[in-house]
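Engineer: So that we are looking at the same thing, I have put the structure below in structure tokens.
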């Protein structure tokens, strides 16, 4: 009986067929579009799709690249255990889209760059190393997410799945470049959303409708999303998500090479801006389907939590377990779901590989080797794709010990992207900042964020701060231990100390800071320290700075609209 615990079915032959056809078909479409549209094998074509992409496919690619297997697997588990507070990220997505589209996109598009690090700063080497570390760690998590799912419901060897995932990404990223990545992302986005719809639809049939799922979620306390407590130590409140989450997502979308490379591949600034606003809608739809999938999961397992019952070993296996429990009777549908998780992973991994190649070529190789031909650069791009693919596969091993994949992924971005965002803001907003201030400010920001982030990993916050909601095993037919209502097996991250170890004084204060504030902490620290050091060291020594390197008032859509209206009115008055 569904929802009562115990072993579930595994993949059927048809599931394997659907999974293979879906993944290979999506990759094939991407390669076909890339090869068909490639007029010449130039570096610009490989890394930026010839700068001829339009808004909608780029928008879907932007959404897919960070709504990865982590979203497919981690977000429903978040809703199951902590409720719908994560839905408030919809506000953060809107703020991020406006800031990125109106401030950062015009700057990058005006400069016509390939790497996000070709901006006004003198710390490129450190920037590139930080970006590479962040991208590799995050990509390791992304590869690890669907490998867990496949391992849970197919029994396939975990490391075999990890290597296979990286291999597929390497193939179509190496052969097709960015255009293949974007068009493949479009197909994979559709597959990912279809997987959520299948889970919700089947759950609604089993539970007696969507209304019953919503009622069960309300009775279980899963619908209390708005918590206005200003305590920065609480994991998810309105303020941590809207304020901290907005800064974190701005740091992801505004300066992350994977994202920048996409919107500067658009054929015009209008298309680039529009891609971000369409992407905002895509993020809303994706997170809503993911959250409702989690509520569906809670409705089915409200009386028999599979993790507490011992049916699974980690919370990130919840959704795969549910899929095999409720959809195994429909051959091919579980295969579609796993393809959805896998698709999200392929899009993100390929994005990371392509971004790492772009940064390496533009910022490290070409400045040194200036006499390379286009053909040599193209071959170098392909070779680096293989190399970085292998590095990302290796990082999946590191990801396996980082706890909840959703929180771990966002924590990595917060710790590293926050100081990077602060450095960018110093460069594009303040004419008085100099390289010494930027470097020392970023180092100060990194020290603080890594200190609090690593400390929080070693000494996880208590349940009082993370607010896990109760689960039950009272309705289980087969229980590994005994029936009870508890929060025991659920932790927000991996603890590297035993329960008997003495927690230091900082564990329940500094180390308990919400992971969503890591990025804000890093950004503010970098900007403040950077400005202070710049003032002490005499500010910027250059007498004349290129205005193209700074944000302009005319970049903002409100000012550009006002100016156009003003010019139109002046023209009409002149005709009179």
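Residue numbering: from 1, along the chain as shown.
Glycine too: its Cβ is placed from the backbone N, Cα and C atoms.
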Engineer: Quick check on the annotations: TrEMBL lists transmembrane segment for one of 491-514, 515-538. Which range is it?
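Structural biologist: Within the set 491-514, 515-538, TrEMBL attaches transmembrane segment to 515-538.
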Engineer: Which of these ranges is annotated transmembrane segment in TrEMBL: 438-459, 460-481?
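Structural biologist: In TrEMBL, the transmembrane segment feature sits at 438-459.
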Engineer: Could you tell me which of the ranges 135-153, 211-229 is annotated in TrEMBL as transmembrane segment?
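Structural biologist: Comparing 135-153, 211-229 with TrEMBL, transmembrane segment matches 135-153.
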Engineer: Do the transmembrane segment (276-301) and the transmembrane segment (438-459) share at least 3 Cβ pairs under 8 Å, sequence separation 6 or more?
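Structural biologist: Counting Cβ pairs under 8 Å, fewer than 3, so no.
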Engineer: Give residue numbers and ranges for long-range contacts of the transmembrane segment (515-538): same chain, 6 or more residues beyond its ends, CB-CB under 8 A.
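Structural biologist: 232, 235-236, 240-241, 243-245, 247-248, 251, 407, 410-411, 413-423, 425-426, 430, 432-434, 436-438, 440-442, 444-446, 448-449, 452-453, 456.
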Engineer: Against which stretches of its own chain does the transmembrane segment (405-426) lie, if we need a Cβ under 8 Å and a gap of at least six residues from its ends?
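Structural biologist: For the transmembrane segment (405-426), the sequence-distant neighbours (Cβ-Cβ under 8 Å, at least 6 residues beyond its ends) are 70-71, 73-75, 77-78, 104, 119, 121, 123, 127, 130-131, 133-134, 137-138, 141-142, 144-145, 148, 247-248, 250-252, 254-256, 316, 399, 433, 437-438, 441-442, 445-446, 449-450, 453, 456-457, 492-493, 515-527, 530-531, 534.
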Engineer: Counting only residues 6 or more past its boundaries, what in the same chain has a CB within less than 8 Å of a CB in the transmembrane segment (86-109)?
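Structural biologist: For the transmembrane segment (86-109), the nonlocal Cβ contacts are 75, 78-79, 116, 119, 225-226, 236, 238, 241-242, 245-246, 248-250, 252-255, 260, 263-264, 266, 269, 272-273, 276-277, 279-280, 283-284, 287-288, 291, 424, 428, 549-552, 555-557.
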